[in-house]
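A.B. asks: OK, Swiss-Prot features for this one:
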REGION    1-25  region 'Disordered'
REGION    50-229  region 'Disordered'
COMPBIAS  50-60  compositional bias 'Basic and acidic residues'
COMPBIAS  63-73  compositional bias 'Low complexity'
COMPBIAS  74-83  compositional bias 'Pro residues'
COMPBIAS  84-106  compositional bias 'Low complexity'
COMPBIAS  107-181  compositional bias 'Basic and acidic residues'
COMPBIAS  185-225  compositional bias 'Low complexity'
REGION    253-272  region 'Disordered'
DOMAIN    383-553  domain 'tr-type G'
REGION    392-399  region 'G1'
BINDING   392-399, 439-443, 493-496  GTP binding site
REGION    417-421  region 'G2'
REGION    439-442  region 'G3'
REGION    493-496  region 'G4'
Amino acid sequence: MSETKNPGDHTLSVSPTKTLSLKRPVEAGIVRQSFSHGRSKAVVVEKVKRRALGEPHVLRESAPALDVVAPAPQAAPPAPTQQPQPRVASRPQPQQRSSSGVILRSLTEEEREARSRALSGAHEREVEERKRAEIEAKARDEREAREREERAAAEARKREEETRRLQEAESKRRSESEAKRRLAGGEPAPAGANAAPRKAPALSAAPGSAAPSGQPGPAGAVGARPAEEEDAAKRIIRRPGMPTKVIVARPVKGAEQKSRGRLTVASATGDEEERTRSIAAFRRRTQRLKGHVSETKEKLSREVVLPETITIQELANRMSERAVDVIKLMMKQGQMAKITDVIDADTAQLIAEELGHTVKRVAESDVEEGLFDSPDVEEHLISRPPVVTIMGHVDHGKTSLLDALRHANVVSGEAGGITQHIGAYQIVASNGLPITFIDTPGHAAFTAMRARGAKVTDIVVLVVAADDGVMPQTAEAISHAKAAGVPIIVAINKIDKPDAKPERVRQELLQYEVQVESLGGDTLEVEVSATKKINLDKLADLIALQAELLDLKASPDRPAEGTVIEARLDKGRGPVATVLVQRGTLKVGDLIVGGSQWGKVRALIDDKGVNRQEAGPSMPVEVLGFSGSPEAGDRVGVVENEARAREIAAYRDRQKREQAAARGNLARGSLADMMSQLKTAARKEFPLVIKADVQGSLEAIVATLEKLNTDEVAARIIHAGVGGITESDVTLAEASGAVLIGFNVRAHKEGRQLAEQQGLEIRYYNIIYNLVDDVKAAMSGLLAPTLREDMLGNAEILEVFHISKVGKVAGCRVTDGRVERGANVRLIRDNVVVHEGKLSTLKRFKDEVKEVVAGQECGMAFEHYQDMRVGDVIECYRVEEIQRTL
């Protein structure tokens with residue numbers, strides 16, 4: 001059997017000399033690569049061809065694109081690739097003999113069917129791969145055509161740019177040469193010669209313009225550039241004693257692409273020379289366009305509310321600007337600032353207007369705007385109970401009269417039987433009318449309380465004792481009522497006493513312009529007896545009549561407003577304020593502001609001790625929930641949120657501190673006053689630390705003690721507060737050397753123990769008279785006593801003796817009175833006092849004596865004085881100290 005294999009023979013054979021392989025060997029060749037300095041390197045180059053399934057013409061067209069590396073010249077020509085031809089096993093093939101002489105057996109029917117199925121499947125796969133190859137070839141052709149168009153367009157743009165540049169250079173050169181020629185020939189320059197050269201003509205009409213796509217451009221336009229590049233690529237080396245050597249730099253393959261950056265598939269396979277736009281450049285351009293759009297966007301202008309002072313951070317927040325921009329603007333104006341710095345309203349307005357915003361200026365007091373005195377809706381107004389204040393002199397029976405009306409006993413609970421704080425109660429009269437009563441103290445120390453009671457009242461009941469008449473506090477109560485503009489009802493009390501004289505009371509009231517009805521006036525009057533309960537119903541009827549004339553109305557359907565009647569610090573409940581609701585309805589849970597304190601209503605307690613959920617107009621209640629004890633007389637209002645409550649309280653607290661500082665400045669006075677105070681003796685101070693049960697009593701104590709101040713001594717109140725005596729109070733009193741006083745309060749256990757350890761006495765009082773008297777006596781002890789001279793006698797100097805170790809001694813005769821040893825003396829010469837001092841020696845016949853009476857002679861010597869002459873008169877007297885009182 002022949003060893004030669006026929007081209008059309010596709011039978012499998014086993015060769016003893018060759019190995020059976022599934023792919024043909026790779027064709028390889030060796031290429032020597034040269035480097036600088038004579039170095040070279042042998043590189044093995046392999047050529048790999050991918051087997052493609054398809055028609056012969058498709059394979060021929062796509063074959064050049066499948067080459068990855070060009071074939072080396074040393075490579076042997078490859079053997080022809082055999083294409084598998086599909087065969088149909090229709091008939092059994094005869095047995096054939098292989099090249100080795102081995103006879104192969106014929107295929108069975110199952111094997112032929114399996115081979116047929118395999119061939120049909122291979123044929124289907126070939127068809128699918130052929131279609132896929134056609135699609136890929138078509139897409140590749142389109143991509144290559146598009147890339148060729150892009151490269152052609154890029155080359156055209158490049159040629160146009162080069163042509164335009166050359167034309168501009170040529171035009172510039174011609175204009176310069178023309179100008180030089182004219183200057184050299186002395187010809188005048190034409191008009192416009194110094195102007196800029198004319199614009200180059202259009203590219204379409206330029207002689208060196210780029211040719212249409214696909215046609216070569218003129219040689220003159222781009223012919224010079226390769227020559228220049230060739231000259232630049234040459235390097236001449238001259239060495240002494242050796243011939244000149246010219247080295248031409250070889251172009252490095254792929255150097256241009258490496259210098260341009262990252263290579264893409266299109267740039268690696270194509271021949272384009274211009275680099276296309278990268279993704280990063282596209283992103284940067286998009287961001288620039290976005291930024292341009294945002295800059296051209298119209299800026300929003302806002303209305304900025306500016307208080308009197310504001311921080312830079314808050315100003316930036318209100319303008320919706322960055323704080324950095326505000327600081328930059330201030331730095332441009334020459335001001336260095338931080339975001340926490342506070343600026344005034346004028347500076348803030350300039351900044352806001354510079355940034356394009358409008359400004360609305362507000363004052364600090366605007367935080368209280370709308371808190372009080374807002375108008376009521378007429379349809380919501382209903383009748384309210386009258387608020388009646390009982391006023392009069394101390395011990396005229398005000399509280400007893402109120403007890404008789406309330407059927408209670410308040411007097412027994414008051415220390416000393418006098419009212420020392422305001423009490424507010426609501427009763428229902430016999431005629432069914434609810435009446436709110438406010439009981440005020442009658443003592444002189446409680447002037448502020450009476451004025452406060454008159455301001456919140458509708459009717460004043462002036463109580464005058466029939467047996468005592470009009471007293472100073474009665475006249476003061478009349479003044480308060482007239483100042484408040486409220487009507488007065490005169491209640492002549494104690495008519496059951498035998499020495500009662502109601503007519504005298506009526507006559508005395510005329511001195512204060514109070515004319516009762518019985519004397520033809522318009523002031524209502526009634527004679528009552530609190531102890532015997534006489535005419536109490538008549539008093540209630542008069543109050544109801546006066547209230548009906550006043551037509552008292554209020555709206556309960558609105559935020560509550562009221563006034564603090566009294567305030568105290570309770571040990572278990574905290575700050576407690578007695579509030580008289582004047583308008584609206586106060587409810588549990590409301591946010592309220594009173595003076596410089598704010599809080600949330602935790603509980604409402606009426607005068608009977610009953611917890612209530614709400615309190616309407618003219619109802620007095622105890623309010624729990626304040627952050628601190630408000631001051632009596634402060635107005636209370638309900639606000640909508642906690643932020644505004646804090647803002648109002650902070651503003652009032654700031655105002656309070658500023659007023660206190662202003663009072664301190666006024667007390668210091670001018671520079672002349674300060675100098676005069678320095679010249680005189682310093683005023684002695686009596687330091688005090690006072691704690692009281694309620695705000696009203698504390699206010700009265702402080703006001704009374706301030707009235708005791710004189711030019712020589714003053715009561716210095718270091719601290720005055722409401723509540724029990726604590727450790728801090730004891731520490732403060734010990735450090736300042738003050739007297740610690742408790743009025744109707746006691747010291748806590750810790751404070752009492754600390755006071756015992758420090759040896760500090762705590763003085764407790766429950767009657768204001770005793771407190772004021774003790775403080776007055778202590779302050780009187782600080783006063784310098786009054787000096788009074790008591791004349792003893794006179795003596796005349798008859799002779800002056802000089803005695804060694806003693807000095808001068810005057811021999812005298814006592815003319816009147818007596819002279820005592822150690823007494824004060826004056827030396828009078830020609831009716832002029834020349835010396836004041838004391839006697840150091842008094843002798844009679846060489847004996848020391850205590851005194852010498854008139855008509856006797858004696859010897860006298862002065863302390864630290866020797867200038868005595870015959871005829872001088874010695875006046876002897878004694879100084880007596882008399883204690884002063886305030």
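Using N, Cα and C of the backbone, Cβ positions are placed for all residues, glycine too.
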A.B. asks: Please list, for the region 'G1' (392-399), how many residues fall into helix, strand and coil according to DSSP.
C.D. replies: 2 helix, 1 strand, 5 coil
A.B. asks: Just give the helix, strand and coil counts over the compositional bias 'Basic and acidic residues' (107-181), going by DSSP.
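C.D. replies: Residue counts for the compositional bias 'Basic and acidic residues' (107-181) by secondary structure: 73 helix, 0 strand, 2 coil.
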A.B. asks: Around the Cβ of GLY392 (GTP binding site), how many other Cβ atoms lie within 10 Å? Please give the count over every shown protein chain.
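C.D. replies: Total other Cβ atoms inside 10 Å, all chains included: 28.
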A.B. asks: So what sits near ILE495 (GTP binding site) in its own chain, CB-to-CB under 8 Å and at least six residues off in sequence?
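C.D. replies: Non-local contacts for ILE495 (GTP binding site): ALA466, PRO502, GLU527, VAL528, SER529, ILE534.
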A.B. asks: Enter the number of other CB atoms within 10 angstroms of the CB of LYS398 (GTP binding site).
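C.D. replies: LYS398 (GTP binding site) is surrounded by 28 other Cβ atoms within 10 Å.
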A.B. asks: Take the region 'G4' (493-496) and count its residues per DSSP category (helix H/G/I, strand E/B, coil), listing them in that order.
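C.D. replies: Grouping H, G, I as helix and E, B as strand yields 0 helix, 1 strand, 3 coil.
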A.B. asks: Around the C-beta of THR440 (GTP binding site), how many further C-beta atoms are within 10 angstroms, looking at every protein chain?
C.D. replies: 29
A.B. asks: State the mean pLDDT for the domain 'tr-type G' (383-553).
C.D. replies: 80
